[in-house]
């Protein structure tokens with residue numbers, strides 16, 4: 001018997017026209033798409049029909065491309081979101097305390113308990129780099145996914161009309177043609193990978209008020225740092241009694257008192273059209289940045305340690321519950337600098353030919369002046385940050 005016949009039949013002693021396991025399990029018209037049907041990449045399974053049955057491959061490929069893409073996008077998004085939140089929970093050392101989950105590490109990479117256990121004269125590395133890295137990655141990723149969802153949601157109504165006009169027998173039971181999913185949000189809510197039992201610990205409803213596109217709840221700044229003044233002289237920046245190991249075992253934002261040392265940090269911000277007054281007015285029509293905001297941090301020395309608290313960051317006044325060490329703040333500045341530098345490079349690179357700037361874009365002079373002003377201001381806050389960083 002031919003080797004292919006053996007593969008396709010359960011009983012090789014019977015004629016080859018018998019239905020075998022391969023045909024029963026992988027018949028093109030009956031095979032169902034579920035979480036185990038593929039092992040890598042998007043898994044286009046769904047329970048979007050009102051009956052909750054899995055989608056057959058035939059029905060799936062017969063749908064319009066828009067809905068196939070939206071289904072695969074939703075499945076991939078929910079699985080990837082769950083995986084990323086799990087990684088953050090591990091790297092940020094989240095502990096369950098009653099009904100609250102408290103991460104030991106900050107979203108900036110500090111360990112809130114152990115970061116300042118050494119003598120203040122010793123500069124230690126950030127002790128939770130994984131937490132800082134994955135919180136930063138997640139923030140960028142979830143912002144990008146929100147933009148993708150908004151784009152698809154805006155196109156949903158028109159695509160639904162087109163689908164209803166062109167529906168066929170394969171669409172029977174499909175929620176869009178039955179009118180049970182009038183929005184992209186309702187369509188995606190029916191995906192099994194986005195269910196309450198498979199959501200990474202937070203609701204995935206695709207509502208503006210839900211956790212779906214918000215920053216990870218386990219990515220938080222420290223509210224205080226534990227200290228151990230018995231390891232060194234902690235009298236600097238505070239009275240001996242205040243910083244004695246027996247009476248002072250932590251540093252909180254309220255301990256940064258009467259400080260006149262504010263650190264300004266310019267950050268590109270696509271959510272605003274402002275450009276920080278006249279300092280960057282050349283950037284308004286340069287086409288490099290959509291907007292630039294100024295974050296302000298108040299810094300001071302407490303018990304020998306240089307620490308800061310937000311005064312006005314990301315357009316919000318500090319709430320008195322966030323504190324950061326100067327080393328982590330410098331790291332934030334550097335990350336923002338590199339992001340903005342890459343935006344500038346992306347804009348200007350096409351206008352270079354053998355190292356010489358060409359007149360390949362309209363308004364090149366505006367772009368040049370914007371970059372010139374940006375560099376000058378970044379040098380100013382770089383010097384200020386460097387002074388503080390060297391002191392630490």
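Glycine too: its Cβ is placed from the backbone N, Cα and C atoms.
Some features that TrEMBL has for this protein:
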COMPBIAS  36-57  compositional bias 'Polar residues'
DOMAIN    72-216  domain 'Duffy-binding-like'
DOMAIN    260-312  domain 'Cysteine-rich interdomain region 1 gamma'
DOMAIN    329-381  domain 'Duffy-binding-like'
REGION    33-57  region 'Disordered'
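In the domain 'Duffy-binding-like' (72-216), the DSSP tally of helix, strand and coil residues is 76 helix, 11 strand, 58 coil. As a summary of secondary structure, the domain 'Cysteine-rich interdomain region 1 gamma' (260-312) carries 7 helix, 28 strand, 18 coil according to DSSP. The predicted model assigns the domain 'Cysteine-rich interdomain region 1 gamma' (260-312) a mean pLDDT of 82.
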